[in-house]
Amino acid sequence: MKYISILGASGSIGTQTLDIIRSHPDEFQLTAISIGKNVDMARAIIEEFAPRLVAVAEADAYEKLRSEYAGKVKIVFGEEGLIEAAAFPETDIVVTAVVGSVGLVPTLRAIEAGKTIALANKETLVTAGHIVTAAAKKHGVSLLPVDSEHSAIFQCLQGEKRNRVEKIILTASGGSFRDKTREELKNVTVEEALRHPNWSMGAKITIDSATMMNKGLEVIEAHWLFELPYEQIDVLLHRESIIHSLVQFRDTSVIAQLGTPDMHVPIQYALTYPERLPLANAKPLDLAEISTLHFERVDFERFRCLQLAYEAGKAGGSLPTVLNAANEEAVSAFLQGRIAFLTIEEYIERALERHEFVNEPSLEEIREIDAETRRYVRSLL
């Protein structure tokens, strides 16, 4: 039996993790969760899975749940509550499925508590990869990727030595607007942006997919997860999202991981690693039915956010923190209808250009840079 905490239980990754726990009651038990403000969802999870601890981000939701479950479930609040859920003593694996940089400190505390990390919050490594990976090594903790692309690379590298790797290739669908010109992108709507052709995901990551910032963040995450320089990390457009990523070795051999676009697969693999279990209600891959797979080179002028991510990643230091914070604020403004789609990349670039570089920022400096960048982007609105 593995005991699971889910940070971000009401989101897309969180709810799919619950599906897996539900499907394998003899393998997994839910011990702790965090939610934002969805009281009904929290009630449903408590009634079905009986977690020992529930962390709540929003004050009104916290007060409601605390009064309802007094003496039955420990209800905790805010960042301290999130940290408590992450480091819960009875937990073996922490699924970090919260969105954004809010996941950084709880992930570090979970690592310090010796928990295995099922990493779905890519911003943790983007903003503080040097700190997180050093902490994981110090405490002997595994960082198991949940992103489909990183899970694919992780699977392709099983039994292989890193010095055999020529490069890794992350595939990208191209998102909602892959066939639109730059001119057409000027007037796209939020509703259009949220229609991803292949994957069912949360709003923020769907917009990131449309701008290709999601792939840029994944490039930075891959740099830290697999300890490879950016020159050995490529991106390939692949419309069908069947090949989730590839590894090319020094002898020119290529190993790829294939599957239908279903996030249950990489989530379950992170929970069961190194074992594999049957996946309930999964559609097996039928290549004859699909018949044809397509691949294209990435146009970095077309996908400016991906270029910005490569540049920030290669520069390192504090720039990835600025990249991430500026992107989060700009995407939020776009989702609220306050800025145009292409203004997202404009605000990110402006934030990067004005930032005073810090080479190896401390955790406190990262938090200050994150907050200052957010204030700057909000001032542009």
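Heads up, the Cβ atoms here are built off N, Cα and C, so glycines get one too.
Quantities reported herein were computed from a predicted structural model and do not represent experimental measurements.
Within 10 Å of the C-beta atom of GLU123 (NADPH binding site) sit 26 other C-beta atoms, taking all shown protein chains into account. In the three-state DSSP assignment, the secondary structure recorded for GLU123 (NADPH binding site) is helix. The NADPH binding site annotation in Swiss-Prot covers SER10, GLY11, SER12, ILE13, GLY36, LYS37, ASN38, ASN121, GLU123, GLY202 and rests on sequence analysis.
Taking Cβ-Cβ distances under 8 Å and a sequence separation of 6 or more, the neighbours of GLU149 (1-deoxy-D-xylulose 5-phosphate binding site) in its chain are LEU170, THR171, GLU218, ALA222, HIS244, SER245. Sequence annotations record features per position, and here Swiss-Prot assigns 1-deoxy-D-xylulose 5-phosphate binding site to LYS122, SER148, GLU149, SER173, HIS196, SER209, ASN214, LYS215, GLU218.
Per Swiss-Prot, the feature Mn(2+) binding site maps to ASP147, GLU149, GLU218. In the three-state DSSP assignment, the secondary structure recorded for GLU218 (1-deoxy-D-xylulose 5-phosphate binding site) is helix.
Neighbours of GLU218 (1-deoxy-D-xylulose 5-phosphate binding site), defined as other CB atoms within 10 A of its CB across all chains, total 29. Annotated pair GLY36 (NADPH binding site) and LYS122 (1-deoxy-D-xylulose 5-phosphate binding site), C-alpha to C-alpha distance, rounded: 19 Å. Of all the binding-site residues in the record (SER10, SER12, ASP147), the one with the smallest CA separation from LYS122 (1-deoxy-D-xylulose 5-phosphate binding site) is ASP147. Of the recorded residues, SER12 (NADPH binding site) and ASN214 (1-deoxy-D-xylulose 5-phosphate binding site) place their C-alpha atoms 16 Å from one another. Taking the centre of the Cβ atoms of ASP147, GLU149, GLU218 as the Mn(2+) site, the nearby residues of that chain (Cβ within 8 Å, site residues left out) are LYS122, PRO145, SER148, HIS150, SER151, LEU170, ASN214, LYS215, GLU221, ALA222, SER245. Nearest to ASP147 (Mn(2+) binding site) in space, judged by Cα atoms and limited to the binding-site residues SER10, ASN38, GLU123, is GLU123. Fewest other C-beta atoms within 10 angstroms, among the binding-site residues SER10, ASN38, are seen around ASN38.
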